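Asks: Sharing the features that Swiss-Prot gives for it:
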COMPBIAS  238-254  compositional bias 'Polar residues'
COMPBIAS  364-389  compositional bias 'Polar residues'
CROSSLNK  K61  SUMO2 cross-link
CROSSLNK  K79  SUMO2 cross-link
CROSSLNK  K167  SUMO2 cross-link
CROSSLNK  K176  SUMO2 cross-link
CROSSLNK  K236  SUMO2 cross-link
CROSSLNK  K288  SUMO2 cross-link
CROSSLNK  K344  SUMO2 cross-link
CROSSLNK  K353  SUMO2 cross-link
CROSSLNK  K396  SUMO2 cross-link
MOD_RES   T389  phosphothreonine
REGION    172-193  region 'Disordered'
REGION    228-300  region 'Disordered'
REGION    363-413  region 'Disordered'
Amino acid sequence: MASKKFAVKCGNFAVLVDLHVLPQGSNRDSSWFSEQKKEEVCLLLKETIDSRVKEYVGIYKQRKPSSAEFTRSSPLSLKGYGFQITAYFLKRGIHLHCIQNSQNTELRVFPERFVVCVSQLAFGHDIWANQNEKSTKKALHGVSDYFPECAESSPSPGTKLKRNALKEIVRRTKSKGTDVSKPQPSGDLVGRSSDSVITVVPWRRDASAILLSESVGQAQDDIRAAKSHQELPVQKLENVSQTQPGDTRSQQQLHPGEWLKTGLLSRSPAYNYESASPGPKQSLRAAKTQQKHRNCGSVEDCDHRRRVSLGNEGLVPEDADRERSTAVRVLPALELSDPGLLLKQDLAKAKAKEELHALENLSSRHLVTNNPGQAQQSDSAAITEQLATDQGGPSKKRKKLQSYNRGCSGKKN
């Protein structure tokens, strides 16, 4: 009989275990007991050792007699996988103590020794073959040994349908994975009626339909937003988006400034007023505006010289306002086809004219302060204009002057 001795730690106690292995066969060989089976024996006896140590600690504190359990007369019997265990506790005649060191200062030796005898079970060849066949069948069918009652009862029809559906899903995912890893030509995919092609094509159709519906919904939302913000009719927006290529080319050839000029000439009253035949008063006003434009030109030259002298090439506020007014005047060509936009354009032009008139007044004042000669010329032009207006109709001063001249001539005679 081969014996092995080792210790098992349980709390603050070290339990000494005497393991005896009974030989098997005619040769009395104990090689059948491997190290793996030793670990199995320790796992099976771990709970028994823990309960015995706890019982001893309780008895020692309460000073009660120990129970006669797991003795030589009534040993513990357990069965493992292919072996039989017989174990009991035996009191030691000599008290042993652990060597005091830094690691196990509180470790004590358990006063009872645990004796374990292991023997191999005498199974026949037929019994081992039957057990192996049953275990392989259960492993193939996925049946667990812990739930034998579930394995014996047949599944319900609903459970069968669910299992079949899960198997089909697994099979399709595997087939898709193989198709992705091994791409094939389009002719083979069309010619074969495999499940992977049948499942992939409807998904692509659904995806394209979803994308088409999303694009249509987005276009409708854009049309509604344009209608609510700009108050444009929906039909005109749709016509703009559905124009023919020839129309778009003809629209692209014309510059936005030309569209603006043609639209404003046909609708703006200012250009109609300028196209009429000028009268005497209109000619005087035209001369006055030309004089103002000349003054503006001289003011711009002065500003340019001042910028060059100061080294600042940035725009003065007047130039910035003019560029802002020109930016307001220029509009895209597509927006000129709507009367509402043209009305807004006319309002913007009127506002720009007012700003230009204010700038001209400021420039004329600046010219008076800087160029007194030009100011005298403008004053003389205003005096001639006033005399011309006085000559248009007889006034009381002229009559008094004529009567005064007649009186003087009569006195001389």
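Keep in mind that glycine also has a Cβ here, set from the backbone N, Cα and C atoms.
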Asks: For K176 (SUMO2 cross-link), what is the secondary structure state per DSSP, taken as helix, strand or coil?
Replies: helix
Asks: Taking the Cβ of K79 (SUMO2 cross-link) as centre, how many other Cβ atoms lie within 10 Å?
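Replies: Result for K79 (SUMO2 cross-link): 10 neighbouring Cβ atoms inside 10 Å.
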Asks: Under a three-state reduction of DSSP output, how is K79 (SUMO2 cross-link) classified: helix, strand, or coil?
Replies: strand
Asks: Between K61 (SUMO2 cross-link) and K353 (SUMO2 cross-link), how many Å separate their Cα atoms?
Replies: 112
Asks: When the Cα-Cα distance from K167 (SUMO2 cross-link) is computed for each of the recorded sites K79, K176, K353, which gives the smallest value?
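Replies: The smallest Cα gap between K167 (SUMO2 cross-link) and any of the recorded sites is with K176.
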